[in-house]
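Here is the structure we will look at.
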Amino acid sequence: MPFPISEILLLSLLCNLSLLLPMEVMLSSLTRSSMQLISRAEASKWFEEVVPALANLLLRLPSLLESHYQDADYLFNGVRTGLRLLGSQEAGIVFLGQELVAALLTCAFFCLFPVSDRGSKRLPTINFDHLFEDIYESYSKKQENKIKCIMHYFERICSSMPEGFVSFERKVLPLEQLPLCVSYPEADFWSKSVVSLCLFEVHSSGFIEDQSNGALEVDFANKYLGGGALRSGCLQEEIRFMINPELIAGMLFLPCMEDNEAIEIVGAERFSNYTGYASSFCFSGDHVDKRNVDGFRRCKTRIVAIDALCRAGMRQYKCTYLLREANKAFCGFLDQSNCDHHKSLFQDGGSQGSQCMETDKDTNVVVKDFPMDEAPSTSVEIAMNRGEYINQVIGYSDKKGSWCLDLEDKIGIATGNWGCGAFGGDPELKTMIQWLAASQAARPSVSYYALGIKSLQNLNQVSQWILSHEWTVGDLWNMLVEYSSRRFNKETNLGFFAWLLPTLFAHDAKMSNLTSTP
């Protein structure tokens with residue numbers, strides 16, 4: 001059944017903004033804080049122009065929803081794309097117009113969504129009350145600037161409404177072994193993989209969101225999408241949700257992720273620039289997103305949310321959790337973009353090869369065999385061919401799989417120190433895990449933004465050494481397992497890089513001592 005948002009909304013019956021909610025209560029925190037932090041002219045514009053425009057957008061919401069549901073099941077010849085709760089273990093996709101996203105975020109701004117049963121459905125926070133409440137009760141620079149990002153988004157959409165689309169996909173690796181789909185791998189799968197490791201490029205400066213190669217950008221996510229974006233959080237995920245606020249819409253209908261799930265969002269436009277991080281985060285003005293759009297009118301910004309092991313500690317070196325992290329990254333990195341001739345891929349249970357459904361020039365489906373290092377690792381893909389939609393859906397039993405929605409060359413991964421901050425992950429371990437997962441998923445490259453972490457200062461040397469020795473995914477996995485076992489059993493306290501290449505690191509240590517000697 002459709003997501004029951006039309007029941008909420010409203011109270012469309014309430015045709016006057018003053019009836020939607022007591023404005024003096026809802027906006028008291030905004031006026032008490034922001035009225036002192038922005039000029040009177042800016043405040044006047046906000047309350048006299050932006051707020052009434054948002055009220056008018058709310059009044060259009062019922063008709064936007066009606067239009068959305070009328071078109072949703074026809075976007076891909078019957079594949080469901082309409083707004084609904086995409087529950088745990090339910091692979092599927094939701095397509096939303098940017099105007100509808102704006103209307104939903106306006107509802108969240110005015111705190112109109114019921115919250116009584118969101119906890120039982122394991123859904124994230126969606127209303128904006130805590131965002132304002134935190135600055136009202138205890139001022140912080142980061143919270144002020146998070147609010148400025150949100151205000152800027154609303155100002156932009158009120159002056160010029162974007163007309164594209166954003167897609168939200170829950171990706172699932174089924175825990176049970178099913179035919180015609182990629183299932184949750186066991187350790188033996190990784191150990192025996194003969195897939196070559198992909199290219200690995202280290203960036204000592206810059207940020208994931210600024211990459212210009214069309215790569216799939218990793219959101220270092222909380223298992224609850226968005227993390228503390230609508231509360232006091234201000235780390236990598238929360239910052240991304242502030243500068244690309246359309247991501248917040250996914251928090252409405254995507255419950256928390258399980259170990260075999262990831263969430264991919266395509267098309268979220270960036271509206272703000274920023275400086276700083278965490279407590280130093282600062283809104284620094286307007287951002288005009290110049291990325292091209294795809295054939296589905298989505299901005300070519302591809303973001304995948306994967307949640308790392310929380311409070312990793314020593315348990316991250318146990319094989320069980322190595323497997324968890326590799327499979328989590330693998331689920332997120334599955335190549336959904338290699339649709340030039342592969343329309344649906346499914347593994348036959350091994351790491352040596354795959355079967356893939358290919359369409360010939362007459363769009364007849366032909367099953368062919370491909371070596372594993374040539375076939376994209378994804379369960380289900382839907383693509384356009386010569387302007388027509390190809391609808392080849394392979395189900396996980398009665399469930400839908402994943403979709404490729406545009407014709408592109410292979411798309412790499414842009415990532416960084418996933419799970420290495422508040423979650424306590426080992427940067428060297430996490431780097432290697434993401435590399436092997438991206439390689440197994442047939443991604444052509446990894447662009448890694450190290451951001452000055454000391455333990456990764458030799459990452460480029462290590463990765464180039466591994467590539468020069470032509471390691472496979474299985475080679476790297478087996479070495480990680482051996483190292484982690486020794487680390488867990490306290491047989492070594494070296495980092496993975498120094499343990500792997502002691503000669504290299506001994507030389508670096510010697511040179512460092514020489515340069516530091518008076």
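From the backbone N, Cα and C atoms, a Cβ is placed for every residue, glycine too.
Since we're looking at a predicted model, the values are computed, not measured.
Lifted from TrEMBL, the feature list:
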- Asp219: active site (ACT_SITE)
- Glu237: active site (ACT_SITE)
- Glu238: active site (ACT_SITE)
- Asn222, Gln236, Tyr277: substrate binding site (BINDING)
- 39-170: domain 'PARG helical' (DOMAIN)
- 188-457: domain 'PARG catalytic Macro' (DOMAIN)
- 1-20: signal peptide (SIGNAL)
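Location within the structure of each feature annotated in TrEMBL.
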residue: Asp219; record: active site; Cβ within 10 Å: 28
residue: Asn222; record: substrate binding site; Cβ within 10 Å: 23
residue: Gln236; record: substrate binding site; Cβ within 10 Å: 24
residue: Glu237; record: active site; Cβ within 10 Å: 23
residue: Glu238; record: active site; Cβ within 10 Å: 21
residue: Tyr277; record: substrate binding site; Cβ within 10 Å: 16
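The closest partner of Glu237 (active site) among the recorded positions, by CA position, is Asp219; the full candidate set was Asp219, Asn222, Tyr277. If you take the Cα of Tyr277 (substrate binding site) and the Cα of Asp219 (active site), they are about 15 angstrom apart, rounded to a whole number. Residues in the domain 'PARG helical' (39-170) partition by DSSP class (helix H, G, I; strand E, B; coil) as 73 helix, 14 strand, 45 coil. Across the residues the record lists as binding substrate (Asn222, Gln236, Tyr277), the two Cα atoms farthest apart are 17 Å from each other. Spacing of Glu238 (active site) relative to Asp219 (active site) is 9 Å (Cα to Cα, whole number).
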